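As written in TrEMBL, here are the features:
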type	residues	note
DOMAIN	A:13-142	domain 'Cytochrome b/b6 C-terminal region profile'
DOMAIN	A:167-247	domain 'Cytochrome c'
TRANSMEM	A:33-51	transmembrane segment
TRANSMEM	A:86-109	transmembrane segment
TRANSMEM	A:121-142	transmembrane segment
Amino acid sequence: MNKREKEAYLREYGVLKSQGKPFFPYAIAKDSVMAIMVMVVIITMSIVLGAELGPKADPTSTTYTPRPEWYFFFLFELLRVIKPPALVPLATIGVPTICLILLFLLPFYDRGAERRPERRPIATAAGIFTICAIGYLTYLGAAAGPPTEIDIPVPANVRSQGSAAVANFKSGEQVVAQSGCAACHKFGENGNAGPGPSLTRVGARLPAQAIQRTLINPTAPMPSFATLSEQSPKQFEQMVGFLAALK
Amino acid sequence: MAKLKTPTLPSNPLTSPKRPGKAYGPSTPLEHGAEAGITAVDWIDERTSLSGGLRWMMFRKVPKGTNWFYTLGSATMFAFLSQAVTGVFLAMYYDPSATRAYESIQHINNDVFLGEFVHGMHKWGSSVMVILIFLHMGRTFFFGAYKYPRELNWVIGVALLVMTMTMSFSGYLLPFDQRSYWATIVGVNINGTGPLVGPYLSEFLRAGPYFGATTLSRFYAIHMLLVPGAIAALMGFHLYLVAKLGTTAPPWVRAKSPDALREQKVSDL
Ligand code: HEM
């Protein structure tokens, strides 16, 4: 906006304002109706939905699903959409940071005098696109669900080692399923295809040692399972054995 | 040295003139009551001069065409106030220690009078506030309300948005159940992947390289002291600017040309 446009806006606004009504009681009345509706909604949600607690936090337990509050789903989904590991930092902080900076600076790069949405097609389209993108990512996050089931056929080389090896494989599979790994990894048909790499064939890629190191000292955003290895080494071993057998 | 005489005081500077329309002062009990109220308000106003500011805030005009979309900002503020009040009651029973936090929330839910109700209001109120703040931001965006002269108010608004999200993030850990614990670990790890400040930020949030006992009290302090204080302060500044600059008219409302106005004025006579 140049000086003339600013002047014109202020003049026009002055006239509109002088033709308006006083804030009290006209705007206050609407605000109060809205405040009552907000209160009613919150109270109804509290009564209907309650405030249940899950089981107590337990750093050694392996039955968790790392799920944030629903309005963070879109950030978490961004991790899934952008897969190559080199780009993960970009997805986690890069894109949100850039979006935030763009949001902060909006009034400084969109300086046109026009205010009607239908005459600002770029701004309006960008706004609608952003809303759709966030809505879609939130929907994806909500639909992904907390996966706690893994169903992988026992590999031939495990079967050939006898029933003890198969039992070990099965219990390892269960530990992994309960640990919520499938929230970020794909195991055959189960699990989500990101943000972590597919683990259907980790055993072919990594030796047991390397898998163990990853679990104890992972790269973010994967959580560390060091406490599990200290407090229930048997389960931890089964988990590593299961992953190493996936070839 | 010769001194000038101080002028005499006016005979009775303290009695105020009678209020207009009441020749003989209050007579009925109701009028006496009203008089008492007026006296009390006058007493405060004489010492604070608040009435000017109040009048400035309440009797400013809102432009023609102001509609229901303009209530979203105050609705957000109202949701925040609800969070503040219910939060104070939760803080009376909550214990921010890793060993006791979960039990204290269980105690709130099971034993405290209306405990689960207030806890539920706080929990769901956060979702309501986040929805309202996004709707309000959408309204100001599509109405072009961030343009001259309200740029600064938009910037403050984005800061409020970030802080509101920080509130949800830090509050999510406090019940200390499995879901909140592991989600927060992942969230803090995600922060840690950020460029430059990322690792420092996640180390600050965790209060050390690992998730430990002090992490919870750190989140508690952030959630109930640091960020709410900052939100309240910025909200005050946001509202000051709203009153100072006036709220926008909807972008499709046009003022009549001065000529038309003059004609209207003349015909109104
Ligand atoms: C804690 C959160 C917030 C509160 C309590 C709040 C409150 C308010 C209130 C009461 C108004 C008066 C007009 C109206 O209600 O629409 C307003 C105006 C405004 N707000 Fe907010 N707001 C918040 C967050 C935001 C955010 C996130 C943004 C945008 C990024 C924003 C940008 C604006 C702008 C540009 C105006 C001027 C609108 C106009 O004059 O038409 N606010 N705010």
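A Cβ is built for glycine as well, from the same backbone N, Cα and C atoms used for every other residue.
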DSSP-wise, what's the residue breakdown of the domain 'Cytochrome b/b6 C-terminal region profile' (A:13-142) into helix, strand and coil?
95 helix, 3 strand, 32 coil
Tally of DSSP helical, extended and coil residues in the domain 'Cytochrome c' (A:167-247):
47 helix, 4 strand, 30 coil
Restricting to the domain 'Cytochrome b/b6 C-terminal region profile' (A:13-142), what is the model's mean pLDDT?
85
